[in-house]
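Undergrad: This structure is in structure tokens; I'll ask about it shortly.
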């Protein structure tokens with residue numbers, strides 16, 4: 001009776017990318033990939049800051065322009081302008097590197113998502129970016145000039161206004177970021193409608209309340225009793241809410257069609 005030596009078959013290891021795509025990558029592999037992508041993001045940020053360092057002065061000039069042609073903020077401390085300069089370089093560098101950093105983040109998480117989730121991400125990111133940039137443009141070209149004109153000259157007959165560059169940049173960046181986030185309202189409400197937190201009918205019933213809120217926000221941005229300026233500020237916010245109602249109706253309709261098909 002003859003016996004044959006059987007050699008056990010050795011399973012070949014899958015490449016990391018294929019294993020990840022199939023959801024078979026071990027925990028250690030995920031940590032290694034996360035570390036690599038994080039390192040790439042940090043390198044991109046450092047390079048972005050280095051590039052932005054050479055453009056910090058024009059950027060500061062661009063941000064002070066809404067104050068008017070004769071406006072020139074003061075340096076109230078020895079290190080004040082230097083602090084503003086490096087902060088602007090850091091944030092501008094982050095903005096320059098953000099597309100690559102976002103790509104690294106998406107590349108890490110997308111293999112774990114299903115088809116619908118991937119589709120949502122690739123639609124949502126451009127939409128969110130465009131809306132935020134629209135908010136920044138509205139703040140810079142529409143909201144800031146009249147707001148700064150009032151704030152900088154309020155009390156000229158009583159006090160001498162000396163505006164520090166650091167204080168000025170803080171006010172301007174807060175208004176820019178605030179309006180950039182406010183312009184994300186349609187997307188946020190659309191997500192809430194998709195989750196069933198709000199409905200188109202509920203949003204429509206709160207329309208009058210939002211009009212009041214829009215004028216309150218406009219009054220905070222531009223503290224004046226001029227109805228024209230108030231309407232210019234509040235108008236886009238009201239339009240954003242109407243867009244939110246329309247988007248929520250689309251989401252609700254699609255959600256109903258999916259449930260009926262099941």
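Just so you know, glycine gets a Cβ as well, placed from its N, Cα and C.
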Undergrad: Which residue range, 90-110, 153-173, is the one Swiss-Prot calls transmembrane segment?
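TA: Based on what Swiss-Prot states, transmembrane segment spans 90-110.
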Undergrad: Take the transmembrane segment (42-62) and find every residue of the same chain, 6 or more past its ends, with a Cβ under 8 Å from one of its Cβ atoms.
TA: 84-86, 88-90, 92-97, 100-101, 165, 169
Undergrad: Against which stretches of its own chain does the transmembrane segment (90-110) lie, if we need a Cβ under 8 Å and a gap of at least six residues from its ends?
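TA: Residues 33-34, 37-38, 40-41, 44-53, 55-56, 59, 118, 121, 125 contact the transmembrane segment (90-110) from elsewhere in the chain.
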